[in-house]
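Here's the structure, in structure tokens; my notes come after.
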Amino acid sequence: MKQSGGTEAQKRRAGKQAADAVEDGMVVGLGTGSTAAASIRELGQRVEEGLDIRGIPTSYQSRQLAREADIPLTTLEEATPDVAIDGADQVAAGDLIKGGGAAHAREKLVDAAADRFLVVADETKLSPTLDIPVPVEVLPDAAPVVQRQVAALGGEPTLRAAERKDGPVVTDNGNLVIDCAFGEIAEPAALAEELSALPGAVEHGLFVGLADEILVGTDDGVDVR
């Protein structure tokens, strides 16, 4: 269910502006996805110029990018993020759907722990309402049970299949992902609460009320929301 689109220039603008908010001595949550990757690369350039920071990656991808950029890494056990910079698959009225890269459980953990959470996105991610499928990470044995529970909530669950191998997508945590289509989500907070209560569900991709700022890259600059 990976969401793509937007121009690379828009992503770079949003990513750079978020990276510019990082100050010397900060601990930074490093998000996952193409726009968050732009921030990681920008932070790497600033580290090369002398910026003293530590990063907490949210996925294998962001960890590898940070290592390539020579950003020193730490963990939530050792430090609390001053700021987290992460992307989104869809943005509506300040709320997000994430998880196209199957990293939303770790992303939410780091993003929610940060003193300040900056979302970076391009214009294609903006929507009047949240309406794309919501990823739910589940314990492998719980997948059929959660699928039935999601259907009972009015959703259409689909076990996410891997693109380059046979079988399902397996997360960095060793779990599976069910993409749950609900159509237009009129009350994201209520749905988030229902999904969180499902036995066997590890984490869902609704990020409700977590973002402090949303930086949207445009052709002319960055729109801050």
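Residue numbering: from 1, along the chain as shown.
Cβ atoms are placed via backbone N, Cα and C, with glycine included.
What Swiss-Prot records for 1-20 is region 'Disordered'.
Taken from Swiss-Prot, the feature substrate binding site covers T32, G33, S34, T35, D86, G87, A88, D89, K98, G99, G100, G101, K125.
A C-beta separation below 8 Å, combined with a sequence spacing of at least six in one chain, links E107 (active site, proton acceptor) to G31, T32, T58, S59, D86, K98, G99. As annotated by Swiss-Prot, active site, proton acceptor applies to E107, with the evidence given as sequence analysis.
Most buried of the binding-site residues K98, K125, judged by other Cβ atoms within 10 Å, is K98. Counting neighbouring Cβ atoms within 10 Å of each of the binding-site residues (T32, S34, D86, G100), the lowest count belongs to S34. Sequence-distant neighbours of A88 (substrate binding site) (same chain, 6+ apart, CB under 8 A from its CB) are L96, I97, K98, V119, A121, K125, F207, I214. For the recorded site, S34 (substrate binding site), the DSSP three-state label reads helix.
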